[in-house]
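To keep things clear, I will list the structure first and then write my remarks on it.
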Amino acid sequence: MTPIHSVSNLAGVLWAVAGVGLFALVYVSGKLSGTDASALQIIWLRYVGGLATVVAVLVVQRDMARALSTRQPFLHACRAAAGGFGGVAAVFAAASMPVASASAIGLLDGLFTVLLGTILLREHVSLRQWIATLISLAGAITVVWAQGAFAAWNAGYTGPALIALAGAMLVALENVMIKTLARTEARGTVLFYVNLFGTIILAWPGLANWRAIPLQWLLVFLMLGPIAILAQLCNINAFRRVDASVVGAIRYAWILYGAVFGSLFFDEPFTLAMGVGTGLVLAGGGWLAVLRRRPAS
């Protein structure tokens, strides 16, 4: 009998894990800087730096004309808006409420992506894939709970929490749109338009919420652009190899990066409970990596 799963998820999972790590670095940049830079300001500068990077690479490769050719400009714009404002929501929530609590809410983006993948993209999610996804989710929840998620909750966190929830849904929508674009558009086209539209859409909000920051941090935030380009490239490669529902579940790997960054940069302790949680995330992600799926029809 022919097995149901005949295509390996491993390559796509590895690309997704790399993308998650790079984006995790972008999202902690605001807190890491110690400046008063607003979330909108940081994300806009990231897009500006990303657009400059993509244009420079395309010009050097003499591939600009092909990158400008697209059949789905509206979808590119929607994807940029969802990703941009989803990123703003994540940065704002992390800066306006306990990071662990913001992270716990942000974890819903992976589950939302799995659900949207099944509803909008008609992806088949096997029982084993659901179990692996829930194992990773349980591990991620264990980590943020150990970090004190919702332990010091007060009414003032309600607004940031709702923004974090909206951000999780926007990121999930972006994932579905990336999957759609990755099927038909060249990598250069996807990277060019998301950074072009992101720069345009967030220009006024970013400048309207501009706060004075040291020159060195202005340059650092611009350099987030090339980092985000690498992360976006990893995501495109992941979506070309596996379903959006798989990538959504693998996004829980970012909690591992968060724990590492917390220990390295913010002196946050790594407890036994966090170790158990990270082990579950790794177990669920590892299971997804070795599962085999139906090839795309």
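Quick reminder: no glycine exception, Cβ is built from N, Cα and C everywhere.
What TrEMBL says about this one:
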DOMAIN    11-144  domain 'EamA'
TRANSMEM  12-30  transmembrane segment
TRANSMEM  42-61  transmembrane segment
TRANSMEM  73-95  transmembrane segment
TRANSMEM  101-121  transmembrane segment
TRANSMEM  130-153  transmembrane segment
TRANSMEM  159-178  transmembrane segment
DOMAIN    161-284  domain 'EamA'
TRANSMEM  190-207  transmembrane segment
TRANSMEM  213-234  transmembrane segment
TRANSMEM  246-266  transmembrane segment
TRANSMEM  272-291  transmembrane segment
Spatial neighbours of the transmembrane segment (213-234) far in sequence, C-beta under 8 Å, 6+ residues away: 15-16, 18-19, 22-23, 25-26, 29, 33, 35-37, 41-42, 45-54, 187, 190-191, 194-195
Long-range environment of the transmembrane segment (159-178) - Cβ separation under 8 angstroms, sequence gap at least 6: 75, 78-79, 82-83, 85-90, 92-93, 96-97, 101-102, 105-110, 112-113, 115-117, 120-121, 190, 235-236, 239, 244, 247-248
